[in-house]
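Q: Per Swiss-Prot, the feature ATP binding site maps to K34, G35, G36, V37, G38, K39, T40, T41, E245, N272, R320. Per Swiss-Prot, the feature active site maps to D63; the stated evidence is sequence analysis. What Swiss-Prot records for C283, C286 is Zn(2+) binding site, and it gives sequence analysis as the kind of evidence.
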Amino acid sequence: MSSTAVVHGDDLMEPTLQSILSQKTLRWIFVGGKGGVGKTTTSCSLAIQLAKVRKSVLLISTDPAHNLSDAFGQKFGKEARLVDGYSNLSAMEIDPNGSIQDLLASGDSQGDDPLAGLGMGNMMQDLAFSIPGVDEAMSFAEVLKQVKSLSYEVIVFDTAPTGHTLRFLQFPTVLEKALAKLSQLSSQFGPMLNSILGARGGLPGGQNIDELLQKMESLRETISEVNTQFKNPDMTTFVCVCIAEFLSLYETERMIQELTSYGIDTHAIVVNQLLFPKEGSGCEQCNARRKMQKKYLEQIEELYEDFNVVRMPLLVEEVRGKEKLEKFSEMLVHPYVPPQ
């Protein structure tokens, strides 16, 4: 699947992300890594390159820090919006902890809780929240539903730092647990709850318990279907971003092992913030740091010899704004050549 470049007579993996751009069957691309390693810059740059070869690209940030707006210098929200200067690249920032009530409501904006005053409070919400991760799972499912209906050719996820990155793989199970709990409640108290809710004007959007269950079931189906796609290497790949330091390398190895255990394809690593001091440079710190980075780079190349390892330099300025991102993105496909 990945193209190769011949160097000194040996077959080595090409040190670029060209294989991802060339793989036209890809629909989902995840970009993940430890905090502060340049994930957002990498995902924005990859999306810019994809926009050159694909009809429509959507870049989604699921990181609560939401750095896409800062990177492009343009405000994004929970609705997909075209990135200034592009006709086929859109971006959106979603809150992975969106309210479950918002998700279950069918657009009804009534602020009154129909169960308030009955001593039940936010019973449905409390019930759902009692299952760890259900809120995030439903939020993610809702986004996937929206994304599917928008029919973008390829979707790039700028994910939250490593700990949260792979949570989406557990979401179908989480939603099944929530459904089982709500189904049990419905079979025991359904008629009574529906009559109480009916008297109080129903749930938001005029739904009853059964409709609420159907809504959750459809979200679960969506997320299960997409999860199947996530495990198909023709449709999904994961780009790991790191820096040449021990902790980042350790996190990357842990993440790759976890991705492999879930059956998710990963064959590309972007190593950011590399120093290339000029020969004879008198900068002690630069030379010492470069020596350390070389050691970890060698380990990365040894561990991941069948990966596309992309080496990106540490730049003197922040990579912010369309022009700088475009310049940076070129180095993902044309390897950086350090000045002598």
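Every residue gets a Cβ built from N, Cα and C, even glycine.
Here the structure is a predicted model, which means the values were calculated and not measured.
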Q: Specify the nearest of the recorded positions D63, C283, C286 to E245 (ATP binding site), where nearness means the distance between Cα atoms.
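A: Ranked by Cα distance from E245 (ATP binding site), first place goes to C286.
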Q: Considering each pair of residues in K34, G35, G36, V37, G38, K39, T40, T41, E245, N272, R320, all listed as binding ATP, report the largest CA to CA distance in Å, no decimals.
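A: Taking every pair of listed residues, the largest Cα separation comes to 24 Å.
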Q: Counting only residues 6+ away in sequence within the same chain, which have a CB under 8 Å from the CB of C283 (Zn(2+) binding site)?
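A: Listed in sequence order: P277.
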Q: Just to confirm: which same-chain residues, 6+ apart in sequence, have a Cβ under 8 Å from the Cβ of D63 (active site)?
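A: Counting only residues 6 or more apart in sequence, the Cβ neighbours of D63 (active site) under 8 Å are K39, T40, D158, T159, A160, P161.
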Q: Taking the Cβ of R320 (ATP binding site) as reference, which residues of that chain separated by at least 6 in sequence fall under 8 Å from it?
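A: Sequence-distant Cβ neighbours: D70, A71, G73.
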Q: Please classify the secondary structure at T40 (ATP binding site) using three-state DSSP.
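A: SS state of T40 (ATP binding site) = helix.
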Q: For each of G36, T40, C286, count the other CB atoms within 10 A of its CB; which of these binding-site residues has the top count?
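A: Of G36, T40, C286, the one with the most crowded Cβ is T40.
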